[in-house]
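Engineer: Pulled from Swiss-Prot, these are the listed features:
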- 512-718: coiled coil (COILED)
- 324-340: compositional bias 'Low complexity' (COMPBIAS)
- 341-356: compositional bias 'Polar residues' (COMPBIAS)
- 357-378: compositional bias 'Low complexity' (COMPBIAS)
- 403-417: compositional bias 'Polar residues' (COMPBIAS)
- 430-440: compositional bias 'Polar residues' (COMPBIAS)
- 441-478: compositional bias 'Low complexity' (COMPBIAS)
- 485-511: compositional bias 'Low complexity' (COMPBIAS)
- 734-751: compositional bias 'Low complexity' (COMPBIAS)
- 912-932: compositional bias 'Polar residues' (COMPBIAS)
- 977-1009: compositional bias 'Low complexity' (COMPBIAS)
- 1019-1081: compositional bias 'Low complexity' (COMPBIAS)
- 1106-1133: compositional bias 'Polar residues' (COMPBIAS)
- 1160-1196: compositional bias 'Low complexity' (COMPBIAS)
- 10-45: domain 'EF-hand 1' (DOMAIN)
- 11-100: domain 'EH 1' (DOMAIN)
- 46-77: domain 'EF-hand 2' (DOMAIN)
- 114-149: domain 'EF-hand 3' (DOMAIN)
- 115-204: domain 'EH 2' (DOMAIN)
- 223-310: domain 'EH 3' (DOMAIN)
- 254-289: domain 'EF-hand 4' (DOMAIN)
- 309-511: region 'Disordered' (REGION)
- 733-755: region 'Disordered' (REGION)
- 790-810: region 'Disordered' (REGION)
- 822-852: region 'Disordered' (REGION)
- 905-932: region 'Disordered' (REGION)
- 976-1082: region 'Disordered' (REGION)
- 1101-1133: region 'Disordered' (REGION)
- 1157-1196: region 'Disordered' (REGION)
Amino acid sequence: MRSEAQVPPAQKVYYEELFQIADVDKDGVIGLNDASFFRNSMLSNDILRDIWQLSDVNNGYLNIDDFFVALKLVSLAQMGAPVTLDSIKLIPVIPPPKLNDIPPLKNDWIISNGEKQNYIDLFNKYDEDGDGFILGSQAKTIFGTSGLPTKMLSHIWNLSDVSKDQKLDCQEFIMATFLIRSVLKGYELPNKLPESLITSSHYISSAGVPSPKIPEWLIPPPERIIYEDLFNKNQQGGIFTGSQAKVLFEKSGLSNQDLKLIWDLADHNQEQVLDKHKFVIAMFLISQRKKGKELPQSLPQLLLESSKSTFNPSSITSPPPQSSPQSSQLQQQPPQQQQQTGDSKYNINLNDLVSNTTPIGQPNIQPTTTTTTTPATASGGLNVSGLLSPPPQQQSPSIVGTPPSTITREGSFTFDNSGGGNNLLAKPPRSNSITRMNSFQHQLPQQQQQQVSPQSTISNTSIGSGSSSFLSTNATTSSPPPIPSTSSQPTSSNNSSITSNNNNPISPTSTNITQLFENIEKVKQQVFEQERIRQEEIQVKLNQELQLEAELKQQLAQEQQQLDEVRENVKEEEIKLSSIKADNQSLKEQISTARVDIKSLKSQLEQQSSLLREKSELFDEQNEALSHLNDDLKEKQQELQKNKQQIEQLLSSIESIKQNRTDVKNQISTVTKQLNDSKLELKQLAEEQKQQKQKLAEEQKQLQQLQQQQQQQATSKSLTSVKSDDNITFLSGINTNTTSTNTATSIPTASVSGNDNWDFFNSPPVKSSSSLPTSPFDDDKTFVPTFTTTTTTTNNNNNNNTINTSNGNLTFTSPVKSTVNQLKSSNSSVGGTGGSVSTRKLSGASVSSNNSFNDNTSIDTLNNHFGSDQFSFNSFGSNNLTAPPTTSSSTNKVQSDFFGVGGGNKDPFGGDSNNNPFGEESTSSIRDGGSETLSEAHTLFDKDPLFETNDAFQSSKDPFGQILFSNFTKDSFGGESVSNNSNNSSIISSNTIPSSNFTFNTNSTTTNNRQSPIDSDLFSDNQQQQQQQQQQQQQQQQQQQQQQQPTQSNQNNQSFTSNDSFDDFQTTPTPTNNNNNTTTTEFGVKFSDTTFGDSSNGDFDFGSNVFGQPSANDPFSSSIEPQHQPDTNNVSSDPFKGGFDDFGSAPFSFDNKFNEVVGDDSPSLTTATTTTTNDNDNGTFVFNDNNNNTPSPFDS
């Protein structure tokens, strides 16, 4: 339990009830939701915030001990005390706080009798001057010991001081003390005194009457005696001068202002001197001021009267009781009024003097006697009776001649025997110095019964330690006069009778008188003896009292000296105390500041601790992440090592490829030289062509005559259509996952007879084509280029291919007949499995060549079946539609609709497909002299090393040659390869399907000079013509047999598709013949002098395929690694054929490098046709002369 939470039992019960009220949610603690309870105290939010922070030691809630501390702090704030925990420790009991709408702690406010008697005893103890009051200064000291705050004690004083006279009587003191005790018990002070408290505090003395109140400015007689004695010792001439009074008064330690006021009050008649009673007034005022009592502004009348020696205090306090004659005879000692001063310095008790008289019963002369009682007082003093009333003077009888004797003994009568003995008893003298008189009783003869009764006033005077003499005149004068005795008259009558008797002469009764005197003398002696003994006793007691007085004075001097020393020590201690208080105050301020700093630092520490915990958690997370990263780093390093090894392997491959590149460049340079030589030869051939044109015109006439003769001879035979070699089929199609079947149709041109009478120089008949637009810029008609082919046979030892000219286009076709299913595989650079179609632009003419590069070649006997199936290609996008063979009309014109016109097989552009990419086939008539001697050009192409296959280009994925020679079906720039399901060495036939890998195969055959019907010099002799006629007849029979198999052959071999993933095909529209419903599509890739992927000029677009859709295998948008399949045809273990390196992109344009080697005048290599079906592909290359500026509808 917290030390600050300790409360009295009454408060504990009340605070527990308050805790139950404040705990709204009944969870046993005061949380933030319950903190609104403290707003009932009406304190500010700042004070309540400080109270909460001091009470809250559990960080967010208060338990019951913390709640008690908070209530104490609220009460301190309401009282105006500092709101600190130290304030709780300094105040023993803090009253409950005042809360709105909450009842306070209940109290009945009734004082029990036992408790009230304790308060009365305290009042009597602290009422030092015995005036029945406790002044404010005394109350401050008394009540300050309770430890309650000054503000609370001030409230208690205001409640208790009912009379508002700035002092408390006994009843008010009882109420004030009870209120203090109630606060210490834990009760709250009331705003006004309850009636029950006033009723229960009423004080009744033990005598049954309320306690008397001594007048405020009454000087007690003991004090007056002391002041008078002090005056007698220091007075000069019965007065006190101002200088003497100043020296004496300054010893009191009062201020000059108070001493001046005391002088003015004492010197009431402004005489500037002090007599005895003024001196007593001044000393009494000094005594009261030192006790803390305020000085009056004017001299009270009671103070002036009580300073005189003749003042009777009994007349102020209570009148003396008067006894009746009967009661006075029975009562020997009346009640005495005692006055207590309460001052420890004085031990004086003043008793009222009470006189008792007893009359003498006999009429005879009886002397009056005074009885003396001497009860011992508490102080050891003596009780002195009042003075005995003086008896009348008696004269001794005249018969006695002795002179009158006077008894001066103290306490006895004086008998005067002089005067002739007339007076028997002399009148005792009155002495002021006599303070005690002992009465005696004259013993009469036994015959006379005498009654002795006391006849004196009893007064008891106690001599204290402060008196200077045992006997004092003032004591006698200040005593009230004795009450007259009832026996005074008889005594006087007896005395008068005696006196009268003494005046008479001596009678016989003188004897009796003498005897009477003797008896009186005896009585005197007895009385004297008794008085002597008693006087001795009194003297012993007096000596004792004087000795005691001297000792007390000596002790008083010592005490006074010690008192002065103590005062000096007190002053020094007060100075030290004030300095200590100042130090304590500064320390308290420092402590409060330190506590504020501690609170702020504590909050900062908590924030830093929370931040440290967060940073620690973050550090752990980062450390764990770092460990994971280290693990990943190790793995990556291992992968890096592997990649480095692979890179080293690849670098070795690159070095070998670079070496191959060097070889290729050397070959290209060689080819370039050959091309330049070919250009010169072509120029010579062009000149020769012009010469032959003249001869051709003459021969045409002879040819027409021969044709007429042949027609007559062949009436019984069916005409055989011989396909002219000048028909160039640029049929190219790409099927995506479909198979298109097109049948190539052999279009007969003319039947050349082997008659020796055939005039070579006669012009054969020309069949004109139907009217078609001759320009692609005509608006009315669709442009369909039409040309007529004239067949001219020449003999050439190196090449037996037929060279045809049509519209200035020089074309040669190398037909190949497939006789075996699969030819022998070899690593030769030139294969002979396919037809070669090449085109060159020479003097405005276009020379095309269909080359198929393949290292697997076969040598076979050439058959001039110009309608061979190898040269029929499926149209692009045929969608697996099969078209029957179509025979051209008499005009022999074939049109191709690229714009969706016509029927037949549908190409992807909506037009019908036909095998002839140039439209209608030409007739056998020759329009111009374009068929000059071009055998040398054909021979050049056959011998051109550019088209020879090098092992380095067979299957290598060289970045500089993969576009021409790599085996792929996807984009080589990271595209995914497909499996090669067929052997690259397969030759296109009815039984085998070419490989789907994009392989450029050079399909060529060895020439057979014996099968060439025409000499190379274009001049025929009779022997050669006869052999030619025989061969033509055999060829016609073979052609008839082959015409029956075109459909089957086309179905097996012409389903070619291509999916090289370049998505960069350019289409070239060709004319369409609506009558024949045929369509021919030609498109190709132009390798211009631009970087791959640059689609700014429309040459390439790697982002979309031919259908306009995004390529699924775009190497720049997919991270799919290439899946390779090893080449099973790599029989020779060519390291560049079967290897799968990852060089999927060309670092520079092929054309650029090619042109750098060849030169700007060399023709650019362009892929004219790419056809791939499933696993088959084929390609045709077109060489365009850049120097030819003649516009063509097929120019890209």
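Cβ atoms are placed via backbone N, Cα and C, with glycine included.
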Engineer: Taking helix as H, G and I and strand as E and B in DSSP, count the residues of the domain 'EF-hand 2' (46-77) in helix, strand and coil.
Structural biologist: 24 helix, 1 strand, 7 coil
Engineer: Count up the helix, strand and coil residues in the domain 'EF-hand 1' (10-45) according to DSSP, in that order.
Structural biologist: 24 helix, 1 strand, 11 coil
Engineer: Using a Cβ cut-off under 8 Å, which residues of the same chain at least 6 positions beyond either end of the domain 'EF-hand 4' (254-289) come close to it?
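Structural biologist: That would be 129, 219, 223-224, 227-228, 230-232, 235, 238-242, 245-246, 295-296, 298-299, 303-304, 307-309.
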Engineer: Short question: which residues 6 or more past the ends of the domain 'EF-hand 2' (46-77) have a Cβ under 8 Å from it?
Structural biologist: 1-2, 4-5, 7, 15-16, 18-19, 22, 28-32, 35, 38-39, 83-85, 87-88, 91, 94-97, 599
